[in-house]
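Q: Sharing a structure below in structure tokens format, with a few things to ask.
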Amino acid sequence: MSTDTSGVGVREIDAGALPTRYARGWHCLGVAKDYLEGKPHGVEAFGTKLVVFADSHGDLKVLDGYCRHMGGDLSEGTVKGDEVACPFHDWRWGGDGRCKLVPYARRTPRMARTRSWTTDVRSGLLFVWHDHEGNPPDPAVRIPEIPEAASDEWTDWRWNRILIEGSNCRDIIDNVTDMAHFFYIHFGLPTYFKNVFEGHIASQYLHNVGRPDVDDLGTSYGEAHLDSEASYFGPSFMINWLHNRYGNYKSESILINCHYPVTQNSFVLQWGVIVEKPKGMSEEMTDKLSRVFTEGVSKGFLQDVEIWKHKTRIDNPLLVEEDGAVYQLRRWYEQFYVDVADIKPEMVERFEIEVDTKRANEFWNAEVEKNLKSREVSDDVPAEQH
């Protein structure tokens, strides 16, 4: 038997429309040294293709990826001195976007230009500036340095990336306000959760306790405590300071969670980790610790990816109090998709909210206890009865 629900107030999902532009702001393309190999690198981003190369001084340059002569792919070319040479006809393009030389021609069209993208290197990471209006970056929104990344007392970046298709960048931003998904997706108990949005920065403050009914994240996961401060600096680059405690063991680490759009319905998700080197630990053991921690972070990101791959876009989410400031976060995020002159005060004014986690944790702890008791009963049953 089926029920006709027409006309009884059924809430429909409003998927809305995808943005018609890409976010204004700094976007991280990865670890800078990975582009210092003496060859051009292609990057699919912002609905086009970019080429990244280092000049003779080691300065990284980013241009539109297709040659303005006959459309050759510059990322398939070579670096010659301070220019990238097209593989099609050897036209040479400088980091400023100007055509520097056409070797076979009597005259080089020196007024010919391609698009040159503003770049910055911060904490060993390469950034490119995107602005739909073509304005230069405001110094006030420059990505902050991470001093630990240059310290001998911390490990080097361990970096990962994955292409997410069928999902818009906003899906990952929504996680900033999502307290409940830490239990269901990441198997933790968030006992404290707070958001602060102000200017171009959106922050999340979290205390998370490991679930003792979860085995595959480590035998002592139930003893794990995490204090986390995570801030998006602009639309796509998050720095997450992590303070972990496992019983009597403490560790400090910094996680980068960032992305850049490929199309309006796909993006490259990147994450990188540096870990403070424990005093007295060998380089080999420190490297192993860093690798294990990064693998754990990667597992968490891939848990989110599975959701994004199968969910639908929703502009009118139906929320309860514990879901927090989803609409306020989206209002903050909208500032990067409008002209600077159209930024409204409410997009950048300070907004602060602490989510009451008491009711949620009462329910979740009861579920954890139930799972543990079920496990005890199962363990007491002789093997031949399983």
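Cβ atoms here come from the backbone N, Cα and C positions, even for glycine.
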Q: Using only what Swiss-Prot says about Fe cation binding by Asn175, His181, His186, identify which of Asp55, Asp59, Asp304, Asp315 is listed for that site too.
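A: Within the candidate list, Swiss-Prot flags Asp304.
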Q: By DSSP, what is the split of the domain 'Rieske' (26-128) into helix, strand and coil residues?
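A: Its residues fall into 7 helix, 49 strand, 47 coil.
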Q: Over all shown protein chains, what is the count of other CB atoms within 10 A of the CB belonging to Asn175 (Fe cation binding site)?
A: 18
Q: Where does Asn175 (Fe cation binding site) sit by DSSP, helix, strand or coil?
A: helix
Q: Would you mind reading off the Cα separation of Asn175 (Fe cation binding site) from Cys67 ([2Fe-2S] cluster binding site), to the nearest angstrom?
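A: About 39 Å separates the two Cα atoms.
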